[in-house]
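Participant: Dumping the structure here so I can ask a few things about it.
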Amino acid sequence: MRGGMDIILKYSTNLKSQTNHICNCNPYIAAMERGADNKKPSHLSSHRFISVTTPLIDLEKEAKVSSTGVSRERIIEDAEQEELEVEDSPIEQVRLTVPITDDPTQPALTFRTWVLGLASCVLLAFVNQFLGYRTNPLKISSVSAQIITLPLGKLMAATLSSKPIRVPFTKWSFLLNPGPFSLKEHVLITIFATSGSSGVYAINIITIVKAFYHRSIHPLAAYLLALSTQMLGYGWAGIFRKFLVDSPYMWWPENLVQVSLFRAFHETEKRPKGGNTRLQFFFIVFIVSFVYYTVPGYFFQAISCISFVCLIWKDSITAQQIGSGMNGLGIGSFGLDWNTVAGFLGSPLAVPGFAIINTLIGFVLDIYVLIPLAYWSNLYDAKDFPLISSHTFDSTGETYNVTRILNPRTFDIDLNSYNNYSKIYLSIAFAFEYGLSFATLTATISHVVLFHGESILKMWRKTTKALREQLGDVHTILMKRNYEQVPEWWFVTILILMVVMALVACEGFGKQLQLPWWGILLSLTIALVFTLPIGVIQATTNIQTGLNVIAELIIGFIYPGKPLANVAFKTYGHVSMVQALGFLGDFKLGHYMKIPPKSMFIVQLVGTVVASSVHFGTAWWLLTSIENICDEALLPKGSPWTCPGDDVFYNASIIWGVVGPKRMFTMDGVYPGMNWFFLIGLVAPLPVWLLSRKFPNHKWIQLINIPIITAGASNIPPARSVNYITWGIVGIFFNFYVYRRFKAWWARHTYILSAALDAGVAFMGVALYFALQSNGIFGPTWWGLEADHCPLAKCPTAPGVRAKGCSLL
């Protein structure tokens, strides 16, 4: 056997005559033998021939490295020459990361899964909702539970009885301890934890109703709202799973981080001479990240954003606007904090290189072309306001006072007050954020139709068995052969129940949410239409575009003057799509880790119901027990219950629901020109598609992704220039330089590095919060606690405009 390999799989173009070449198969590959006869040739072109050792270094080859002293790079190079014919994924990153093995006998949905999974779900849901109302909100991610439950699972495996436990008065029994703690159990526990750590968007509606509008809402209506918005996504997931999960070309890059981490935790490997195992590497990076974050997270916060231009020109507004990484263009700024790199845009190590380049192109065009030209030409009176800000302003440059235009009795706009006060103005960056959001929406549809329309149509029709085989890879084959699939009626049943629940929540209880039945159906139609195109973008680039802006725009035009209807419509449309893509992403993770689909579905379903209930219960308790919660003016001095995120949500309900888009994006408002971005986004993918057809050998043309370019800087604000700059530098270094020069190292370590950096920051963030910051201990006051040092970047540059902390020009 070549190279001491433990497994050899050999599929040729005629598998029927080659099944006798499958030799020395262990139980993990047994499923690959079954049904190999009568299999037709694959249509995955040249991608079907790859080495079984490519997913990561073969463990016996690791032993060879240790015993012979031969360089790891040479061993990997030799392994890559062993071109065994396997129908592996057409995506190289997947081939380098995901194993093509499965053990169907491995336990998955066990007693340990239920205990540790539900405990993680409940705890994370409670803590995150509790901390979310505080002045310095903190979110604890599921990676914390992923790490903590590993030793707990092994402890349960070592201590619990292995005798069957019979359920009283039935013939049913179950095992407390089915054997060693398995990888599949760990994956399902993490899915439980993810359900708990993810927020419930509809809680924002409940909060602004009770704490900002000071109106009553029936607790059952509020609970049905929270649960239905979280669960409707199952319907879309059932419709689109064959496109976004079964297709090997929909590879969900972020999942590869989880795959690498799970493999590091559960696969046994020998430590190479002079190196570390993947698990050792994870904990080394984790400890370094954990300890280091005390510097940017507590003692020396200035290194989160260092802006050299501001340190040199301390008295120049223009210089600080150019140099500020927080409130300006960010020229000459950078950060030495992983939270700066990954906090807003996610880990760049989990984003494909081409997506990073497209994002940076969009960032450069927006922040260094559009915004400077518009600002310094004073388009839309831009100089009256800060260069970059997420606040709203009146015509004098002051913060917009929404209470001056709101009828306190009906919560509708008072037109006389509005006409006597001011139109709403935005910073030029915020205005272009809306314009780019419009472009991203239409570009997504256009791009997916042009570049993926034909394959989607074929997948939809599923006309022949050959076509179905063309759209599958080894992972799809294993999943379909080894496990029962989730029946379609499960998804349909949940969809119908949730639609009924949504109608009851909005039409019942005195119509407290203002949204009529047709508004619910329209919002769900929008979500249905956009789930597939946005899912294709996310599944191939790890970048998700949202529906919140377009949903606010549509209902704002159709049903103006109803702030609660506006936010409810936005929530049903946007969140049902986001939840659907979250479910589909988890299904793809289960696809890679060979989790039984029914077990994955049950865990997702139960986790969503439990998490929604805990989030709702925690929020309702706080809103009804803390006097003047969210009202900073009436709260006791130093009270942490200021609800910063809900304040932004409340203002959005006023802008879009009360004032409405008609008074912003038509001739009645200030920004009608932003509507041109709809047309720009629709047309822009067409020349790229035509060029890709005319020059099919120039593969780089197909990598130009207009939706990612238009979405490239649409997060500014709240993301800042320094976030994009550091994110891009780190992403290019790892996904181009390291990927091309040190591919074996990249395959083995990159995703584990990403997970370890995230985990270290998350754990230290929690420790700092509970040990120090929650007790009012913020350390000594000194120069290093202030990030950026560009206070003048927030100042307007028009003569005669007053702003706090700025000199009058």
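Backbone N, Cα and C define each Cβ position, glycine as well.
Reproduced below are the annotations present in TrEMBL:
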type     : residues : note
TRANSMEM : 187-213  : transmembrane segment
TRANSMEM : 220-240  : transmembrane segment
TRANSMEM : 281-313  : transmembrane segment
TRANSMEM : 354-376  : transmembrane segment
TRANSMEM : 424-451  : transmembrane segment
TRANSMEM : 489-510  : transmembrane segment
TRANSMEM : 516-536  : transmembrane segment
TRANSMEM : 543-559  : transmembrane segment
TRANSMEM : 601-623  : transmembrane segment
TRANSMEM : 673-691  : transmembrane segment
TRANSMEM : 722-739  : transmembrane segment
TRANSMEM : 751-772  : transmembrane segment
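I would like each feature placed in context: is it buried or exposed, what are its neighbours, and how far apart are things?
Facilitator: Sequence-distant contacts of the transmembrane segment (187-213) (same chain, at least 6 residues past either end, Cβ-Cβ under 8 Å): 108-109, 112-113, 116-118, 120-125, 128-129, 132-133, 139-142, 144-146, 149, 153, 222, 225-226, 229-230, 258, 262, 411, 512-513, 563-564, 567-568, 571, 574-575, 578, 582, 586, 589-590, 593, 595, 599-600, 603-604, 606-608, 610-612, 614-616, 619-620, 623-624, 629-631, 643, 645-647, 649-650, 653.
Panel annotation: around the transmembrane segment (424-451), residues 362, 366-367, 370-371, 374-375, 379-382, 384-395, 400, 530, 532-534, 536-537, 545-547, 549-550, 553, 655, 659, 663-665, 669-671, 673-686, 689, 692, 702, 705-707, 710-717 of the same chain, lying at least six beyond its termini, place a Cβ under 8 Å from a Cβ of the stretch.
Below 8 angstroms of C-beta separation, residues 217-218, 220-221, 224-225, 227-229, 231-232, 234-235, 237-239, 516-517, 519-520, 524, 568, 572, 601, 605 of the same chain, each at least six residues beyond the ends of the transmembrane segment (489-510), sit close to that stretch.
Counting only same-chain residues 6+ beyond the ends of the transmembrane segment (543-559), those with a CB under 8 A from a CB of the stretch are 351, 355, 359, 434, 437-438, 440-441, 444, 516, 519, 522-523, 526-527, 530, 534, 537, 565-566, 569-570, 573-574, 577-578, 581, 652, 656-657, 660-662, 665, 707-708, 711, 714.
Tertiary neighbourhood of the transmembrane segment (673-691): same-chain residues 431-432, 434-436, 438-447, 450-451, 665, 698, 701, 704, 706-707, 710, selected by CB-CB distance under 8 Å and a gap of 6+ residues from either end.
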Participant: Looking at 220-240, 281-313, 751-772, which one has the highest count of Cβ pairs under 8 angstroms to the transmembrane segment (601-623)?
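Facilitator: So the stretch in question is 220-240.
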Participant: Is the transmembrane segment (516-536) in contact with the transmembrane segment (281-313), using at least 3 Cβ pairs under 8 Å (sequence separation of 6 or more) as the test?
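Facilitator: They do not touch: fewer than three Cβ pairs between the two stretches lie under 8 Å.
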Participant: If we skip the immediate neighbours and take only residues 6+ beyond the ends of the transmembrane segment (516-536), which ones have a Cβ under 8 Å from one of its Cβ atoms?
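Facilitator: Contacts of the transmembrane segment (516-536) (Cβ under 8 Å, skipping residues fewer than 6 from its ends): 232, 236, 239-240, 243-244, 250, 441, 444-445, 447-449, 452, 456, 499, 502-503, 506-507, 544-545, 547, 550-551, 554-555, 558-559, 565, 568-570, 572-574, 576-577, 580-581, 584.
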Participant: Please indicate, using numbers and ranges, the residues of the same chain that are 6 or more beyond the transmembrane segment (220-240) and have a C-beta under 8 Å from a C-beta there.
Facilitator: 200-203, 205-206, 209, 486, 488, 490-492, 494-495, 498-499, 501-502, 504-506, 508-509, 512-513, 524, 527-528, 531-532, 535, 568, 571-572, 575-584, 587, 604-605, 608-609, 611-613, 615-616, 620
